[in-house]
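A.B. asks: Okay, handing you the structure first.
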Amino acid sequence: MTISDVPTQTLPAEGEIGLIDVGSLQLESGAVIDDVCIAVQRWGKLSPARDNVVVVLHALTGDSHITGPAGPGHPTPGWWDGVAGPSAPIDTTRWCAVATNVLGGCRGSTGPSSLARDGKPWGSRFPLISIRDQVQADVAALAALGITEVAAVVGGSMGGARALEWVVGYPDRVRAGLLLAVGARATADQIGTQTTQIAAIKADPDWQSGDYHETGRAPDAGLRLARRFAHLTYRGEIELDTRFANHNQGNEDPTAGGRYAVQSYLEHQGDKLLSRFDAGSYVILTEALNSHDVGRGRGGVSAALRACPVPVVVGGITSDRLYPLRLQQELADLLPGCAGLRVVESVYGHDGFLVETEAVGELIRQTLGLADREGACRR
């Protein structure tokens, strides 16, 4: 089934989750996933011309719930609260913010915990996917909604990788892009830390080769450990030392089996993830990050970026040790539609793109200004 074969569907009510059927998807690898469903939420009204959509793309463990309180279908508050709404950077009196849950995820979209055609969870049968596959699924979902061109795509981290694949792979479908805290390809450092996280999950006996969903046991210990390691790469070194130094946790004594304060903090982060995320999705999405390379099949990174005609804003975080500024500088130097790297000062590391909402909000406004100008040129 091609994108044009999918019957037109409708956006959900504002803030509610809608499930969009996109049919079968052939992946970059050649594998096929049948009966793909993509979860979406939206804020703001779709214009009569369907040309005011801003697609918001989440990071590894995010979902479609970018703003608002917890509720049915979304157990945590919005992960980018304040970014979309009346008078917000994505001003919903003018723009229609649409957020998807990524292919391979576990908050409504098809992933390892979803049921396959035989009525059993996909589990280990779920194929490896790429960032391009994720974007193909999003493009198909929007097409099913009758949206064939969007004003802008906005994302950080894995969402930034998706935004990059949008502007490079679908330049006729997007007028501007915001690429935050991301690079053109996965680095050795990223792959090293991420494959170690995957190894922690798979070393848990309850992983059961990925087919644990109907056994009553899940690789919770492995997922906790993976999240603890990942969270260290998300935060800034100075921030962590300022908050925790080498302090004990309360009255505990590490020399007598107690914990350090930072140790307790990381354990808490691991516990929080268990309540809302599937280990199989964590593995699948992390593998997608490992294989991220915008230059694959396009003549290399430089050729792929130089050929992109879409106006973009590229932003990086000063203290980001997972995606250091040199990676965003490369994007800014090679993308013809970029007017220079925008640097966000922050002590919060990679997570600065989530925390520094005022600075990031200004980058979003700049991106939408580019979308306006590009729209005028295309008319």
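From the backbone N, Cα and C atoms, a Cβ is placed for every residue, glycine too.
From Swiss-Prot, here are the annotated features:
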- 52-356: domain 'AB hydrolase-1' (DOMAIN)
- S157: active site, nucleophile (ACT_SITE)
- R227, D351: substrate binding site (BINDING)
- D320: active site (ACT_SITE)
- H350: active site (ACT_SITE)
A.B. asks: So among S157, H350, D351, all listed as recorded positions, which is physically nearest to D320 (active site)? Use the C-alpha atoms.
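C.D. replies: Among S157, H350, D351, H350.
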A.B. asks: Specify the secondary structure state of D320 (active site) as given by DSSP, simplified to three classes.
C.D. replies: coil
A.B. asks: Pull out the recorded positions from the set R227, H350, D351 whose C-alpha sits within 10 Å of the C-alpha of S157 (active site, nucleophile).
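C.D. replies: H350, D351, listed in sequence order.
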A.B. asks: Taking the Cβ of R227 (substrate binding site) as centre, how many other Cβ atoms lie within 10 Å?
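C.D. replies: Its Cβ has 25 other Cβ atoms within 10 Å.
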A.B. asks: Rounded to the nearest angstrom, how far is the Cα of H350 (active site) from the Cα of R227 (substrate binding site)?
C.D. replies: 15
A.B. asks: Output the one of D320, D351 that, of all these recorded positions, has the highest number of other Cβ atoms within 10 Å of its Cβ.
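C.D. replies: Compared across D320, D351, the most Cβ atoms within 10 Å surround D320.
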A.B. asks: Could you check what DSSP calls D351 (substrate binding site) once collapsed to helix, strand or coil?
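C.D. replies: For D351 (substrate binding site) - judged by DSSP and reduced to three states - the answer is helix.
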A.B. asks: Using a 10 Å cut-off, grab the number of neighbouring Cβ atoms around the Cβ of H350 (active site), all chains included.
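C.D. replies: Around H350 (active site), other Cβ atoms within 10 Å: 26.
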A.B. asks: Could you tell me the mean pLDDT the prediction assigns to the domain 'AB hydrolase-1' (52-356)?
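C.D. replies: Averaged over the domain 'AB hydrolase-1' (52-356), the predicted model reaches a pLDDT of 98.
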